[in-house]
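I have placed the structure first, in the form of structure tokens, so that the comments after it can refer back to it.
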């Protein structure tokens with residue numbers, strides 16, 4: 001009897017097998033493993049149905065009504081309507097019920113239509129055909145019927161129906177190319193690798209005969225992280241275990257490219273796929289105008305209650321005279337005389353509430369939503385914000401924040417791809433202290449027809465020549481660049497054979513620039529085939545290197561490495577990365593000369609990388625291989641173990657040299673920043689680049705000026721002094737010159753006063769945000785904010801994505817509560833875009849993840865100027881006048897009703913006909929102000945662009961402050977008195 005099943009169950013449920021719930025076991029093709037190897041425990045997983053809709057046919061009405069009546073105004077009118085139904089009120093229930101029904105119906109139709117579109121999209125996705133293997137044959141079925149463990153075949157240009165482990169490919173090397181544009185916006189081709197032991201299975205019969213199980217982590221939303229292993233069984237022998245990582249996982253929504261077909265096994269289906277787990281709804285952002293509306297509604301509700309109480313009290317004062325209480329023509333019945341006084345008073349109070357309830361504008365929310373929705377089209381229709389190069393214009397992902405564009409006080413911007421083009425150009429490289437520049441100008445003459453290496457100083461000799469060749473080989477081998485496969489001739493391109501440029505593709509523009517730059521210096525990367533990387537040297541000889549291991553780049557290590565073996569059998573590790581990551585790990589090389597060149601290039605605004613290497617003996621490589629294999633096979637803490645392994649491997653390096661790449665400034669970036677500063681908006685640059693490079697860019701885009709005194713709050717400063725002393729000195733410096741200077745009268749452009757710019761790095765920010773030993777960090781934060789308030793511009797360098805969000809949150813929650821805007825173009829900017837009051841994505845070269853997660857998207861940074869100074873200005877002025885007018889017109893309408901009660905003995909007699917009461921808010925007064933709030937231009941567009949300072953007049957919610965609100969209210973009261981007393985006096989005169 002096989003007791004493995006019982007043993008496994010006892011281990012899990014009784015002995016508490018460690019962390020078992022964190023993993024899942026998948027049986028490939030639903031085939032049981034060979035008997036005696038491990039227990040077969042079938043598990044239940046969800047089907048492959050995707051549900052993005054919010055409602056169903058059965059729950060739409062109750063769920064939608066519940067959500068709508070959570071709004072205070074809607075709930076209030078529901079109560080008034082019920083009161084009118086229950087007690088005898090002066091107005092018909094129709095007067096409250098019809099406007100409420102109109103508002104609820106319009107909103108329900110809008111939300112129902114949007115959800116119907118989601119249902120439609122879900123059905124199209126769930127019913128698309130998928131090919132999977134059953135009994136050695138290909139079978140078609142709907143995507144929603146896929147199950148975990150099914151083996152799926154996907155053809156070229158098809159999207160993956162679920163998350164698959166890549167088993168085999170039509171390509172001989174077991175690779176495939178994939179685009180993940182719908183997931184992370186990256187349009188470049190990425191390479192994925194089949195499992196080593198299954199990549200030779202090219203037909204259905206071979207795949208169907210596969211005996212294997214997959215152990216992997218439970219579903220989680222990180223697109224770039226996956227930990228698992230596959231156990232492949234051969235007869236009754238011990239299974240062969242292979243590690244599985246993100247390079248083996250094909251994600252739902254990605255598209256297969258340049259590969260005829262692939263086979264994969266489903267491991268996550270339906271709502272457990274990484275794409276579905278990333279369907280998270282963004283936190284609801286509310287504008288300052290909407291908050292003001294809610295406060296004003298509460299004020300008017302208090303006014304309504306006050307009017308009802310006053311009229312109730314005056315009614316009983318009036319009826320204290322028996323003749324007035326019971327005139328001869330309106331005698332009370334006996335039951336009416338015996339009614340409880342308190343109950344009668346409460347009933348009268350409710351009746352007055354119903355009579356005056358029209359002071360609350362029931363249709364205001366609907367009108368405001370329509371104004372925002374229709375107004376957003378003015379932004380998308382703006383031809384000046386259309387980019388000819390990309391063929392794209394602005395995109396509005398949410399219209400709820402239109403007016404917030406006119407209230408921005410802080411702009412947080414990324415550098416690379418936002419202020420700069422993210423269009424990298426190789427400028428130079430420094431090898432062993434010698435500088436190499438492609439097509440150099442020597443003594444004023446351009447060296448034409450230079451196919452080799454142009455240098456600006458003497459050529460190295462001896463060992464220097466060997467290091468030079470190693471440097472070029474390192475840059476040709478240490479990357480993730482792919483070569484576009486066109487016009488193949490016997491496996492090589494025509495372009496390669498003719499000496500012309502190859503077409504390189506990579507998710508990183510830096511890597512393409514480096515490979516293209518080295519090609520201009522004589523070394524051409526050809527391709528990766530059958531795990532061999534081929535390069536063409538200056539002698540037109542093809543060199544082949546076997547790719548043994550790749551230590552991928554990550555933002556923590558800030559470097560990547562490859563381990564390759566030459567034809568001669570030499571094993572090299574080539575490493576490239578940021579200078580701060582490479583210099584601490586090198587023990588040999590011209591360190592001082594190269595460091596000096598790197599710092600010089602950084603000051604000029606160039607992006608720098610350092611290159612190093614080490615040589616392994618066979619024995620050393622075997623130990624490295626074992627170390628990596630153990631880390632890769634770990635199911636728990638794999639990332640931590642890999643990081644520790646990389647740390648051990650990437651040490652005692654020999655420095656070869658450094659590269660410099662230029663990222664050009666975007667068109668009109670400097671003009672845009674200058675205009676924003678004139679508008680009173682503070683601009684902060686948040687970047688992961690080193691300080692010198694970022695500072696040079698800030699000077700180029702006029703964030704920092706010639707007279708700007710730079711203050712540093714960096715790790716280097718803190719090492720020399722304590723954090724407390726550095727903050728105290730900086731605070732003393734800025735306050736000495738600024739004095740009582742405030743943000744309202746300082747834009748950083750003044751020439752007659754000292755201008756300060758602050759530079760802070762990620763490590764220093766961590767110390768500021770870190771709680772102190774006494775459990776508080778507030779003192780450091782407040783001192784830091786005080787310094788920032790008195791600086792015209794701030795540069796935050798060496799920032800991790802999370803730190804960018806922390807900076808935005810710190811400013812957003814400061815005591816002034818300023819309105820913040822974050823703008824970026826890459827996935828690393830998403831966190832700050834979501835954190836800011838307004839998030840703007842740029843449809844740049846780092847993908848569309850930022851644009852997809854933003855509130856608005858624009859093609860270029862220069863379009864931010866018109867978006868804020870023109871569209872934002874108009875949006876805010878229009879919506880402010882719309883809101884104030886709604887309250888004004890309702891005061892004009894209802895206050896005469898209040899005055900009329902003094903003329904009708906407080907008998908709750910309505911002044912207006914039922915039709916007027918019903919249609920006043922719905923149509924009579926809503927449509928004119930709606931059209932006005934869409935078309936009004938109190939200042940010309942050209943004037944707003946020419947005079948950015950006009951933006952200051954509307955900041956800090958200037959048009960919805962209490963003073964303005966009270967003015968509109970008293971204006972409504974005055975007009976109401978005129979509307980009532982003038983006709984009354986005319987009538988009295990005639991009588």
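Backbone N, Cα and C atoms are what each Cβ position is placed from, and that goes for glycine too.
Listed in TrEMBL for this protein:
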| type | residues | note |
| --- | --- | --- |
| TRANSMEM | 72-87 | transmembrane segment |
| TRANSMEM | 295-318 | transmembrane segment |
| TRANSMEM | 349-368 | transmembrane segment |
| ACT_SITE | 414 | active site, 4-aspartylphosphate intermediate |
| BINDING | 414, 415, 416, 511, 553, 576, 607, 687, 688, 689, 798, 804, 828, 829 | ATP binding site |
| BINDING | 414, 416, 825, 829 | Mg(2+) binding site |
| TRANSMEM | 915-935 | transmembrane segment |
| TRANSMEM | 964-984 | transmembrane segment |
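In this chain, the transmembrane segment (349-368) touches the transmembrane segment (72-87); three or more CB pairs sit within less than 8 A of each other, excluding pairs fewer than 6 residues apart. Calculated from their C-alpha atoms, the gap between residue 825 (Mg(2+) binding site) and residue 416 (ATP binding site) amounts to 8 Å.
The distance from the Cα of residue 829 (Mg(2+) binding site) to the Cα of residue 553 (ATP binding site) comes to 18 Å. If one looks beyond the transmembrane segment (349-368) by at least 6 residues along the same chain, the residues whose Cβ comes under 8 Å of a Cβ in the stretch are 71, 73-74, 76-77, 80, 83-84, 87-91, 95-96, 99-100, 102-103, 106-107, 293, 297, 300-301, 303-305, 307-309, 311-312, 879, 882-883, 886-887, 889-891, 893-894, 897-898, 908, 910, 917, 920-922, 926, 929-930. Listed binding-site residues: 416, 828. The one with the lowest count of other Cβ atoms within 10 Å of its Cβ is 828.
Of all the binding-site residues given, namely 553, 607, 688, 798, those whose Cα is no farther than the 10 Å limit from the Cα of the residue listed as 'active site, 4-aspartylphosphate intermediate' are 688. Around the Cβ of residue 414 (active site, 4-aspartylphosphate intermediate), a 10 Å sphere holds 29 further Cβ atoms from the protein chains shown.
Residues 91, 94-95, 98-99, 102, 358, 361-363, 367, 370-371, 374-375, 878-879, 881-882, 885-886, 889-890, 893 of the same chain sit 6 or more residues outside the transmembrane segment (915-935) yet have a Cβ under 8 Å from a Cβ within it. Residue environment of residue 829 (Mg(2+) binding site) contains 31 other Cβ atoms, counted within 10 Å of its Cβ in all protein chains. Other Cβ atoms within 10 Å of the Cβ of residue 798 (ATP binding site), summed over all protein chains shown, number 22.
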